[in-house]
Amino acid sequence: MSERVVLAYSGGLDTSVAISWIGKETGAEVVAVAIDLGQGGEDMNVVRQRALDCGAVESIVIDARDEFAEQYCLPTIQANALYMGQYPLVSAISRPLIVKHLVEAAKFHGADTVAHGCTGKGNDQVRFEVGIGALAPDLNVIAPVRDYAWTREKAIAFAEENKLPINVTKKSPFSIDQNVWGRAVETGFLEDLWNAPTKDVYDYTADPTVNFEAPDELIITFDKGVPVAIDGRPVSVLEAIVELNHRAGRQGVGRLDMVEDRLVGIKSREIYEAPGAITLITAHQALEHVTIERELGRYKRQVEQRWGELAYDGLWFSPLKRALDAFVQDTQQHVSGDIRMVLHGGSAVVNGRRSEQSLYDFNLATYDEGDTFDQSLAKGFVQIHGLSSKVAARRDLNQK
């Protein structure tokens, strides 16, 4: 059997050209692996056939939607992970899943080389290659777009010269990546930071300033940090994301326009749509505020930031990430209950919380009759709490 290369295949121009190019340049057979992450668009059977038509000896489509939701999106919810306080890691958390299946396919087909279509300016090259190195350190990696400085024009010329069945007549001005967790848009006129996004940038969300529908009130139920029901109806994690993408997206929830610090050292403007992700993370945070003790909550917020950075930086399979996963999972033991939210005008606003695991004690919190808080203890507490500051202040005043 000839040497084989396993390619992470998207169905787009670059990876379609890569199939033929790898065969011609290396003499290897190409096995194309396409992952269904709920990205929509083309039928995956069409994508599979295109890979074969471009010269792949085998073309595999893997339905990983539930796996993505349960093993990648759910940990992101439980970690309340928002890179730079905003971005719910739409693309970042999909890459380790693709890497996992790429490595498994390489082992199954006896390949010692894998390939991807990432450029040299983005984060994904790091996510792919660091992830591959963590799971299969002996695998070789080919990155033709990066290593041979492919441009769109070069790729089109190669496709035409080799009569590859790729339709390249219509060119979007944007680079788009999407899955069930959200949608990322960049490049084109968006590279000028002063240019406002036009309506054609968006697809997952309605314009909240124009499409002012009636508010949508809903209740999300969590069990140990897992969303298990919407409005009392049981749902899987995937079903929760899909339903909230529709309901929150219709209200314009989840639009982000940010300048992002890329791992490779440059700043990049990104437009994100993540209605389901933002709604679920907002609800989960609200329930944690009710059910997690103060010091644990404070420390978890530090962990959340680092967790998001590790996921963004391609270190999903790192020892530190695994350790933080264990910490986050332990914090979820009491994160059970209901969160009521109103979706409207681009916002997901929490307006109700209830939980049998709640640490909120009405009788301690109330200022009305029935107050059980012993205020006689407060004076001594205040004095002890501020004692070190008072001692330091006396020293400083005496030295003036």
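Cβ from N, Cα, C; glycine included.
Remember, it's a predicted structure, so these values are computed and weren't measured experimentally.
Swiss-Prot names ALA8, TYR9, SER10, GLY11, GLY12, LEU13, ASP14, THR15, SER16 as ATP ligands; from the candidate set GLY85, GLY110, GLY117, the record adds GLY117 to that same site. When Swiss-Prot records ASN123, ARG127, SER175, GLU260, TYR272 as binding L-citrulline, the matching candidate from TYR72, TYR87, TYR202, TYR204 it lists for that site is TYR87. Within 10 Å of TYR87 (L-citrulline binding site), as judged by C-alpha distances, no binding-site residues are found among SER10, GLY12, THR119, ASP124. For the binding-site residues ASP14, ASP124, GLU260, the greatest number of Cβ atoms within 10 Å around a candidate Cβ is found at ASP124. For GLY12 (ATP binding site), the same-chain residues 6+ apart in sequence whose C-beta sits under 8 angstroms from its C-beta are GLY117. TYR272 (L-citrulline binding site) sits 23 Å from ALA8 (ATP binding site), taking the CA atoms of both as reference points. Checking each of the binding-site residues ASN123, ASP124, ARG127, SER175, GLU260 against ASP14 (ATP binding site) by C-alpha distance, the shortest gap belongs to SER175. Across TYR87, ASN123, ARG127, SER175, GLU260, TYR272, which the record gives as binding L-citrulline, the greatest C-alpha separation is 19 Å. Using Cα positions, the member of the binding-site residues ASN123, ARG127, SER175, GLU260 nearest to SER10 (ATP binding site) is identified as SER175.
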